[in-house]
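Residues or ranges marked as transmembrane segment by TrEMBL: 12-37, 74-93, 100-118, 124-145, 166-185. According to TrEMBL, the feature domain 'Oxidoreductase molybdopterin-binding' maps to 241-393. Positions annotated as region 'Disordered' by TrEMBL: 487-516.
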Ligand SMILES: Nc1nc2c(c(=O)[nH]1)N[C@H]1C(S)=C(S)[C@@H](COP(=O)(O)O)O[C@H]1N2
Ligand SMILES: [Mo]
């Protein structure tokens, strides 16, 4: 029988190993989790980077003169040695009733978290990989130290030697840590490579520039929708659990199917063509009445109609089936792509290469069609085909095959259920009917008479249009309602329909309280 006092001193090697394995699990899991959060959030790399940034000049000199170009591996070896020593100590100090070793791991976690959140551009989420990793590390430390000191109860008569049990557990944990770490490191390197590739992209110089934005296109109402949507607040909708990572040198667009001449474009081939720049408002078909799944950006890209002319579209082709690098597909009517509108293969958004989440390096932008039938991100394949032959991703799941954007209008100010003082009240919002254009917006209160809103200057038929309306608000609870009319003269329908299968309809309304 083993006495409690004896337990705490037994098997120092196994305990040290338990500590080291636990730290390995923490680091491996941290590495893997950092892939989801961001390349600078890996605890190991973050601590390494902070060490590099904070080390005095003489230390760097010493590292470079001693290790030359191997200074980075040398740093990693040095860090690993320190971590192994501390982790072994943690293993030796862990007690069933005194989790001193766990506390040491937690302290290492604090170091990792402070390093990760101090990296440039980091937010609090950078702490997550370390926190998750250390939490799992502590679990492993508890399990392994327990296994190191307590013989397992005999199972079905046979005795299960505790050494074997320990080795099995430790081996499994090491394999897990190594797998997670290697997977994370590989994915992290891939992401870092693509981000570096993106930083190196220079924007094409454009002769055919977007029209300047007229003064007043942005209504100066606090809480109103800005005419241009910055990349970081632009809505993002896609089926990608992990953002595809594709470098410009890997990118190809294969154009095939019902064409006279197949063509495979590289990034350089694309860049040799003549670009255009346009402001275009994108909208998601899933946007419900009053929803925010719409955004307006200035895009630089290459005309789709010119590329289609180059390959020679056969007369029987009526669909462009585009496929993204992750297999997502979109079907777009060839007629729409060739009717003169500014459909493009975009490479830039708001003066920057496309953000990874918005399709880097190349995506489609087609004015007037919902994103699911037009806006393929990370696009790598174009097949000219027919609507009676092929079905795209969302059409197979019950959505329409064709889906022009429906006229919509939205109240942005005042906020839903806002309380406002009686008197002069500015109501503001946006309206869109891409490729038809907005002719009028009207507002009414409590289902009374419609009043014409003041429209901001029109930019183009392919962008949304902001509006304001002033009301002498009287006390009480009121319902504001808005409707738009497009330049074809069609008034937005009041009929409420869900986004499925081809876009929501109905008037947006907002209830507010006016204080006396
Ligand atoms: N590869 C790919 N492209 C895609 C999608 C997708 O799921 N995968 N979603 C589409 C949909 S439904 C919309 S609304 C737009 C959204 O583009 P954004 O995320 O840049 O706003 O992308 C389109 N392109
Ligand atoms: Mo969408």
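Using N, Cα and C of the backbone, Cβ positions are placed for all residues, glycine too.
Remember, TrEMBL labels are computer predictions, not curated facts.
Note that the structure is a prediction, hence the values are computed from the model and not measured.
Contact between the transmembrane segment (100-118) and the transmembrane segment (12-37) is supported by 3 or more Cβ pairs under 8 Å, counting only residues 6 or more apart in sequence.
Helix, strand and coil counts under DSSP for the region 'Disordered' (487-516) come to 0 helix, 11 strand, 19 coil. The highest tally of CB pairs under 8 A with the transmembrane segment (166-185), across 12-37, 74-93, 124-145, is held by 12-37. Here the domain 'Oxidoreductase molybdopterin-binding' (241-393) has a mean pLDDT of 97 out of 100.
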